[in-house]
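As recorded in TrEMBL, the features of this protein are as follows:
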ACT_SITE  Lys210  active site, proton donor
BINDING   Lys110  NADPH binding site
BINDING   Glu195  L-homoserine binding site
DOMAIN    353-427  domain 'ACT'
Amino acid sequence: MSAPAQPLRLGIAGLGTVGIGVVKIVQRHAEMLTARTGRPVTITAVSARDRTKNRDADLSAYAWETDPVALATRDDVDVFVELMGGHEGTAKDATIAALNAGKDVVTANKALLAHHGQELAELAEGAGRVIRYEAAVAGGIPVIKSLTEGLAGNAIRRVMGVMNGTCNYILTRMETAGLPYDTVFEEARQLGYLEADPNLDVGGIDAGHKLSILAAIAFGTKVSFDNVVLEGIGCISIDDIRRAADMGYKIKLLGVAQMTGRGLEQRMTPCLVPAASPLGQLQGGTNMVVIEGDSVGQIVLRGAGAGEGPTASAVMGDVLDIARGLRLPTFGQPATSLADPIPAAVSAPAPFYLRLQLVDKPGALAKIASALGDAGVSISRMRQYGHADTTAPVLIVTHKTTRDAIDVAIAALPGTGVVDGAPVALRIEEV
Ligand code: NAP
Ligand code: HSE
C-alpha cells in the first residue's frame, strides 16, 4: 500500500470577508479538494487582530497566532495565505517572512503587488517559492490564470476593463435611478461597498493597482503602478451620463494597458464606451476584463469582482494549483527577465467627449470652434441643449486627437468669454 499523500497545510492571516470565505470552502469541500489534487488541503493556524470577534465559521480546530509573521514562519505551515490587506506593515512583513522561511504565498492583496510586486517576485523566485494572487485582480474572474497560462502563446495587444465594482455600481445606479453622484456615493457607503478609504475606489487607485499587475504580465514589464494615469469618477455628473447615453455611449471607469511605439500606456480613467458593447452593457458591481491577443483576437471575461464567495474562489484556485504542483513565475516569466517599462509620454489618439456650459449669445459657438481649431482639435459632432437661465449645455464629440491637444483647448476656453464653469473632457475608447 502506498503512503497517504501529504496534506497541504495552510496558515491564513486575515479572517475578514475573504479569509472566512476561504475557511468555509476548505471545510465544506474537503473531500472534493482532496479528490481534485490527490492530497488533503488543511488549515493549521489562523491569525487576525481580534481573537474575541464573532466570526461566521468554526475556527476551534486551528491554532491561533496573534502575530501574522509568526504564523507565516510556522513549521507546520506550507502555504501562507495573506488576506489582511495593506501594502506596508504587517502584510508585507509577513509575506517576506514566509518566503524567507521557504513557504509559498497566496494573497488577494493588489496594493501589495502593485507597490512591491517586483521585489516580492524576485525574492520568491530566488528562494524557489511561488506567489499566487488570482483574487487580487477582478475577484472571482480567473484573469491572471488566463494571461499566464491559457493565453501564454499570444503577444498581448491590449488589456482593458472595468475592475472596480463599486465605481461601476455608482455609475450604473446614477443612470438607472437618475440620482446624482453624491447621493449614490452615500448609498454605496451605507451598503458597505466602499473601501475604508473611499478614494481607493472612486479615485481609481484600487482599479489602477489591478491594471498595473495585468500590464506587467501582458507586456513582460516590471509592475509600475506609479506610471498609471489615474482619474476618479467624482467629476462625472448625472448630466454627463444622460448626454453620453443620448449619443450612444456609457461612461465607465475604464482601465486600458497597451504597448505602443511610444511606450507602455496605462490609464485608469472615466471613458465613454459604445452602449451596445459588452463593456457598455456591464451593470452594477460586476467586473469585466477584455484581453486582445495576436492569435486569439479579443476575449471577454465577466464576473463578480468582489465578495466573500467569488474572492475566496479565486484564492482556492491558487491553493489548489500549489497542491497539484503547478509552479509558475509570479508574472508569467522570470522576474529578473521583466523589462523596465518605458511609460508612453502621450496616450494613443482618440475621440473625446467635451461638455461645456456655454453663455447663450451670438457667436459663442464660433468662438468655441475656433479655440478648438487653434489647438488642432477637430469637431465631429456638436449638440446644444435647452437653456438654464443665460447658459446652455453644449456637447462636442471630437475627431481623434490627443489628450494634450484637448488640454490646450480647455486652457484656452476661459479666454473666449463664453464658457461658464469648468468643462468636462472624457476620452471615447474604441472597444
Ligand atoms: P477585511 O474584511 O477587512 O478583513 C481583513 C482581516 O485582516 C481581518 O480579519 C483583520 O482582523 C485582519 N487583519 C488586518 N490587519 C491585521 C494585522 N495587522 N494582524 C492580523 N490580522 C489583521 O478585508 P477583506 O475584504 O477580507 O480583504 C482582504 C484582502 O483581500 C485585501 O487585500 C483586499 O484588498 C483583498 N480583496 C478583497 C475583496 C473583497 O471582496 N472583500 C476582493 C478582492 C480582493 P480583524 O477581523 O480582527 O479586524
Ligand atoms: N473595492 C473593490 C471593488 C473590491 O469595488 O471592486 C474588490 O477589489
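Any Cβ shown, glycine's included, is placed from N, Cα and C.
In terms of DSSP helix, strand and coil, the domain 'ACT' (353-427) has 25 helix, 32 strand, 18 coil.
Of all Cβ atoms in the shown protein chains, 28 besides its own fall within 10 Å of the Cβ of Lys210 (active site, proton donor). Mean model confidence of the domain 'ACT' (353-427) amounts to 91 (pLDDT, 0 to 100 scale).
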